[in-house]
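Visitor: The active site, proton donor annotation in TrEMBL covers A:296. The [4Fe-4S] cluster binding site annotation in TrEMBL covers A:36. The substrate binding site feature in TrEMBL is assigned to A:431, A:432. Residues or ranges marked as domain 'Nitrogenase/oxidoreductase component 1' by TrEMBL: A:12-428.
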C-alpha cells in the first residue's frame, strides 16, 4: 500500500479509452463498476467535446460479483453494435476486472460472432502499466489487428506512394496541446512537399489503417505514445520512423534533417535538400533564434529553473532552456519512470541534477530546496509554485481545462518555438516584476481606501452574526454586510443578529 | 402508502447504464464538514484518478484525505493488509493528528474481501484514534449515497443519550402518575423547572445529513422560530461533537439520499424517525417544519405567510420558468425533491431519472410530489429508477425539453444539439435547503435559460456538424 494524494499518470484503462475515442467510429465498453466512466466527463469538459464520448460501461455490480458477468458483457457489446454501428468495439478491462479474472477474451470471441463490428479486448494489465504505457500498447494492438486482418484478406497493398509521404503517429484526445501540434506538423510536412498519408489515432478511421504502409516513413512526435506502433511497422513493413521530437529550434532542425535522410534513401533521381528551408525558418519565421540573441534573453542568462513533466516535454524543454536560452536548469525530472534511461541520456549535460519520481511531494521538496526563479512543469508544479511564490509555466500533462486553449498554441515546429519563447519569457518577467514590487513595497504607497463610506455606524453586530459574517467568503462579505445594514436601517433595527442577516438575504435576494 | 402512490405515479426500472459519480466523492464535502477528520480511501489508482480530477483545485489545498493505493502485492495478499494499514495510519496520525480516521472501502476491497470492519477495532485500540469504516463503493451505491454509508457508520459512534434518561428518572419519581406521553411530561417539566421552559419544549431532535454550517444554522433557526429545539446534527462540525442518540430521540433527515442512515438510526439506535418531505424549496421547507411540529404537537405560527413571502421574492425567476419543461437524467437522488419544487414553480417535468428510490424513506416526499402535481394540474412525471442514459437521450430527442438536468458527461454534447442543460452536480454542492436558499435553486435552474436567452437570436444553437444518430 502506498499513501498517495496525487498522481501524474492515470490508470491503464484511461490510456486505452484515449486511443479508442480518438479514432472515428470506435466504441469502448468498460468492464467496470458504476462511476468509473469518469473519462466521459473529462473528455466532455476538458476537450469541450461536442459529441457524446463513445465510451459506455458494462456495469459490474453485486450480482456480477456473485454470479459473474455471464451474458451481460456480450449483450452490451451486441447492443452497442446495433445502436451505433461502430467499426470497432474495444472491450476495456479496469482494475476491477483485473481482480475478477473473468474470461473477457471469451466474451469478445462470442460477441464478435454476432456483431457486425470488429471486437477486441484491450491487452492491458492495470497493475503493471500506467495510462501512457497502456495507450501506447493499445494503439499498437489496434494497428496490428487491422494490418493482419488486411493481410489475411489479401487487401494489403504494400506499395508506397509516388510522392514522399508520412504518417503522424501519436496524436490523441486529452493530449497536451496535441491538436495544435498536429496542425503544425502537417504544415511543416507540407512546406517540405511531403504528403500526410495518415494521422493516427485522432480523427482516423480504423478502416484506413491498412493504408499505413503506403507512407515513406512514420513521424512519432511524442516519446510516450506511438513508439510501439512505429517499431511494429518498422519490423513488419520496413518503414523507417523518426522519433526526434521537433520541439525547439535545434531539435526541429534535427528532425527535418532526419526526414531528409529517409526521403533521400527512397528517391533515386533527384535529391532533396532541406537546409535552405531550415535556415530560412530558423532565422526569420521562428522568432526564437532572434529572441535568444536579443537583450531580453540576455537578462535570463544563468537564471535558475526547474523542469518537470513527461519524458518528451521535460527533456525537450530542458534542452531548449539550457542550449537555446542560456538558462541554468538546476534540476530536471520526469514521472515516466519506465523511460528513465532514455530521459537521463537526453538531458545529460544540460542540467545539474536529474529527478525520476512519480511522487509530487518529492518534486515539491526539490523545488523548495533549489528555489528557482521559474518552474516549468505540470499543473501540480504550478500549484507548488503558487505556494512558494515562484512563477510556473505549464509544459506537460497532467492536464487542466486551461491547457486546452481555443487559440493556436503548438509546442512543436517553428510556431511552437515562438510559443515556448513567450511562455519562458513571461514566466521569468513575471517573477522579476514580483521581486521588484516586493523590494519597493508595491505600486501604491498610500493607504488603501475602502469602499464603505463611514467606518463607524449606528448599527451593532452581535457576536453570532459577526461569526456568521466571517463564514461568508471574503469576496462577497462586504456586499452582504452592506446589504444587511441597509435592510436593518430600512426596518429600524439597530442590533443585527443572524436572523436579521437571513431576513435581509431573503428580502434583497442578495 | 406505496400502493396509493403507484395508482398515479408510475415507477419504471431500466438497465442501470447511466453516468454518475463514484460514491467515494463524498469525502470531498465530508472532510470539509467534519473538521477534525481524516478520510483514507482504500482503493486503486482508478479511485485516486477520479478523486483528483473530480475535486479539481481542492486537491492542492492540503486536503485531509488520501488514498491508500493498493498495489499488486496487496491484491495477491503477499503483503499483510493489517500491517500495511497500520503503517499508513501511523503516518497520518503523526502528520495530521485527526480525531477520527474514516476508511472508505471501495470496489477493490469488496472484491478481495478485505476485512476492514474486522481490522478497524483492533487498529483503533493500538492507535488510540477512532476508526470508522464506510463501504462507499460503486458496486452498490451511486454518488451521494456515499455520504449515506459514512453517516450510517458514524451513527454507531454517537454517544448514548444518558442525560435524558437520568433526568427522566428524577421526573419519573416525582410525577409517576403523569408519565404517559411526552406532552404531559413536558408540561410537568415546565412547572418543575422554570429554567427549562424555553429550551426543553420538545424531546431531543437530531437532524441528519451533512450541510454547510450556514445552512444547518439556518434550518435550526427556522425550527427555533416554531419553538422547536434541535439538540444535535449528524454529522456535527467536529467528530468529537457527535450528537447523543437513544430511544427517546427523534430524528429527521434533511436529504433524500440518507435511507441507510435512517434505517440505522431506527433499528440500531432505536430513534424515532420523522418521515417528512425534504426542506428543499419553500414548499418543501414548510412541509418539513410542519411535519416536525405536528409530531411534537406544536402549532406552527406564521409559516404560511413566510412561505408566501418567499414565493413573492422569487417572482422574477418564476416568470422565467413557468410553463417550461424539465428532464432529469438522474444521478444524485435529489431528483424527486427538486422536481416537486420545480413543478410547484410552474414547470412541467417529463421524467425523473433517479439512481435508487427508497419508497419508504421518501414516502412523504412522493406523496407531496403527487399532491403538488394535482394542485398545479400538471401530469404526473414518470419516475425511472436505474435509468439508461442511451434510452433517455432518445426520449429527450422526442420530447425536446426546455431544460435537461444532467451529469457533466452529457452536458456539452446536449448543448451542442440545442438542448439547455444544467449540471446536476451543482445541486449537491450549492446551498439549496431552507427558505433562505430557495432563490439559489432557481438561480441554478434558470442560469442556462437566462444565458441562452441572450444567445437566442444569433442563429447558432445547433453546433453539430451532422446529426448523427445518437
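For all residues, glycine too, the Cβ spot is worked out from N, Cα and C.
Keep in mind the model is a prediction, meaning the values are calculated, not measured.
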Visitor: What residues, ordered by sequence, lie under 8 A Cβ-to-Cβ from the residue listed as 'active site, proton donor' and sit at least six positions away in the same chain?
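Guide: Set apart from the residue listed as 'active site, proton donor' by at least 6 residues yet with Cβ under 8 Å, we have A:425.
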Visitor: Let me check the 10 A CB neighbour count of the residue listed as '[4Fe-4S] cluster binding site'. How many other CB atoms are there?
Guide: 25
Visitor: Within the domain 'Nitrogenase/oxidoreductase component 1' (A:12-428), what mean pLDDT does the predicted structure show?
Guide: 93
Visitor: Which three-state DSSP class does residue A:296 (active site, proton donor) fall into?
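Guide: DSSP assigns residue A:296 (active site, proton donor) to helix.
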Visitor: Provide the three-state secondary structure of residue A:36 ([4Fe-4S] cluster binding site) computed with DSSP.
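Guide: The three-state answer is coil.
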